[in-house]
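Structure first, commentary second.
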């Protein structure tokens, strides 16, 4: 009987793990089936159009706009990876580090590079696997531990011990984790359209609507097929994310220009350019929820009310995980792509937060 009692907790954990992974892979299969039907429908309508891709050999001029900053590279000694970033502002000023989301790259911070260079050394990074940063081939190289270590190593390589850290979407997830694991490195934390990671994992299991909105997390567990689906119809899915009525920047927002959109397509149309970004998601279910989760850094959370991928209710719940000054601002009519959608308002809110004297909560 005693042996049975000892085995019962392990058996319970094993059953829970089996049920969890069964849910993950069943939903992944369902999402893949939906996309397969979309592919077949597209081929039926026009096979030539479905498999058409325009060759893009040269980057659009906006990616080399000198007003945005200087293109730089740094090689991390331990991992051996070379990271690309764009830096604006004088060396020696306080560091502001910008972490983009998916499917984005350093250029999503163009409005902030111009805005904050007067007071900061602003660095917009291409995350591991994105853009001109090295992309390890194996999915195991994209675990959250690796992504966290990347940011720590980059700070060291840039000669800084702390920074103002700003993250959007997946970059927001990484920013939360940095603030949790290395609070001494973050003087102020600003996250755009991503809740605390524990809020996300708890909420998605309890709210089918968020499970549906996050279906791409599950679809990305399938090897190769997501990359292929993004590339068909000359990257129509990528264009759709930024421009459609359902997921794109709204009518009142600062819409992407033709050149802006072409910059995104250029970067993600390069050989193998989609695998690294999607590999970020292929380890997510083995890394969450977090064992340590409290944030002790002054935090600003900005949220676009019309976010097609994240329900706004998660933003409200996030405050319970921040044991310091916390401010939430929800922008009406704004989309998921908030720092590009409403750059003037976002920049003003960030300035206000940076200039405030924040006091730790008792």
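In case you wondered, yes, glycine gets a Cβ from its N, Cα and C as well.
Among the features that TrEMBL reports, domain 'AB hydrolase-1' is placed at 94-339.
Under the heading transmembrane segment, TrEMBL lists 20-41.
Counting only same-chain residues 6+ beyond the ends of the transmembrane segment (20-41), those with a CB under 8 A from a CB of the stretch are 50, 211, 215-216, 218-219, 221-222, 225-226, 229, 232, 285.
Mean pLDDT for the domain 'AB hydrolase-1' (94-339) in this predicted model: 95.
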